[in-house]
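Notes follow once the structure below has been shown.
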Amino acid sequence: MALESLKEVARKIAGSSSIDKKFVEEMVKEIQRALIKADVNVRQVKEISDAIKKRALSEDVLPALNAKEQILKIVYEELLRGVGEGLEIPLKKAKIMLVGLQGSGKTTTTAKMAKYFKDRGMKVAVVAADTWRPAAYEQLRQLAEEYGITFYGEKGEKDAVKIVKNALEKLKDHDMIIIDTAGRHALEDELIDEMIKIAEVARPDYKLLVLDAAIGQLASKQAQAFHEAIGINGIIITKFDGTAKGGGALSAARQIGIPIAFIGTGEKVEDFERFDPAGFVSRLLGMGDIKALMEKIERIASEEELDPEAFLKGTFTLKDIYKQIEAMNKMGPVRKIFEMLPFGLGLKVDNDVMEMTQEKMKKFRVIMDSMTEEELLNPKIIDSSRIRRIAIGSGTSPQEVKELLNYYKTMKNLMKKMKKNKLPIKGLGKLGF
């Protein structure tokens with residue numbers, strides 16, 4: 001992922017024995033390398049690195065901090081200044097128009113955004129106004145059906161403006177209407193004319209440009225062209241997890257002064273989040289994003305109507321994992337949870353646990369169905385002979401049973417660490433931890 005190496009910079013600062021001029025200069029070089037590798041605009045790289053170096057060598061250490069904490073604070077603040085502002089779309093009635101080039105992930109983003117707002121209590125509808133790509137109508141219809149979202153489209157209709165006009169009439173009772181428009185390989189006149197006409201008819205509250213993170217610094221040229229055409233007021237960066245060039249899209253947004261509204265960090269519907277600059281930079285440095293984690297937990301706990309008592313009483317068994325496994329599926333891979341915790345709380349976790357999938361979670365349920373009540377309540381008694389019996393009974397292998405036990409131990413250790421570090425873990429109790 002873009003800017004991943006910044007975590008190593010933060011670790012070196014936190015683990016350094018002394019902070020001197022030589023250390024600062026080397027640290028700044030590493031930050032420069034990380035930013036350039038992520039395709040951040042060279043001018044912006046110089047601005048950020050110069051500011052960090054100047055402040056690190058000249059500012060007095062604040063009374064409440066030590067030298068390492070002061071340096072981390074400076075790096076954090078200057079990177080935060082570098083990523084620019086975020087755009088928070090409030091939970092109220094609004095029309096949103098998505099634009100972008102072909103292949104940017106616009107249609108998928110339309111559905112993900114609709115699900116995002118639906119999960120937060122809004123009545124949402126999506127409009128299929130991409131009449132150029134034959135598969136766009138069916139793709140959006142299927143995604144809307146999967147996520148339980150109102151869909152409007154007119155199969156075979158070539159007039160996108162007419163579709164939008166009819167949709168607005170039919171969807172008046174919805175809180176949010178999200179319009180998916182046509183994408184192109186380039187900004188052709190015909191596309192620009194259609195976008196302008198749709199914007200005139202829809203009068204959207206938000207015109208959001210969808211940018212593929214993989215295009216790097218080319219994002220700046222695209223963003224400027226769309227902005228001049230219809231006046232975009234927000235950006236969504238997609239596929240941020242799958243490229244080393246995501247910094248280019250971030251710097252493009254800052255260059256033209258357009259805030260980032262959302263970022264897509266994976267293929268799943270839950271891999272879509274509001275862009276919070278402070279939390280984003282904090283995660284880049286491996287310092288976590290507790291606020292985002294708590295928000296996610298509170299929402300999922302509310303959806304699942306989970307009882308926090310088990311964890312709050314200090315108990316955590318395999319039975320708790322069984323009951324709350326669906327909620328964990330919604331949280332996403334363990335890796336994504338750890339990214340929201342400061343330096344992963346120092347826990348060493350196997351890759352197979354980090355990349356826990358829904359398929360694996362389902363298999364865990366089958367394994368637990370073959371356990372006795374005593375084993376579920378007291379996993380410590382599960383020895384090698386019990387593991388063999390459980391594997392045979394569940395139609396799995398002893399290795400898979402061990403994976404479940406390893407996952408259980410990891411999550412239990414995580415909770416202990418969070419309690420020890422006095423992190424706000426009450427919300428985690430709602431997931432049965």
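Just so it is clear, glycine is given a Cβ too, placed from its N, Cα and C backbone atoms.
What Swiss-Prot annotates here:
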- 100-107, 180-184, 238-241: GTP binding site (BINDING)
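Each of the binding-site residues K106, R184 was scored by the number of other CB atoms within 10 A of its CB, and the lowest score belongs to R184.
Listed in sequence order, K106, G183, L209, V210, L211, Q222, F226 are the same-chain residues six or more apart from G100 (GTP binding site) with CB atoms under 8 A from its CB. With respect to Cβ neighbours within 10 Å, the binding-site residues G103, T181, F240 differ, and G103 shows the lowest count.
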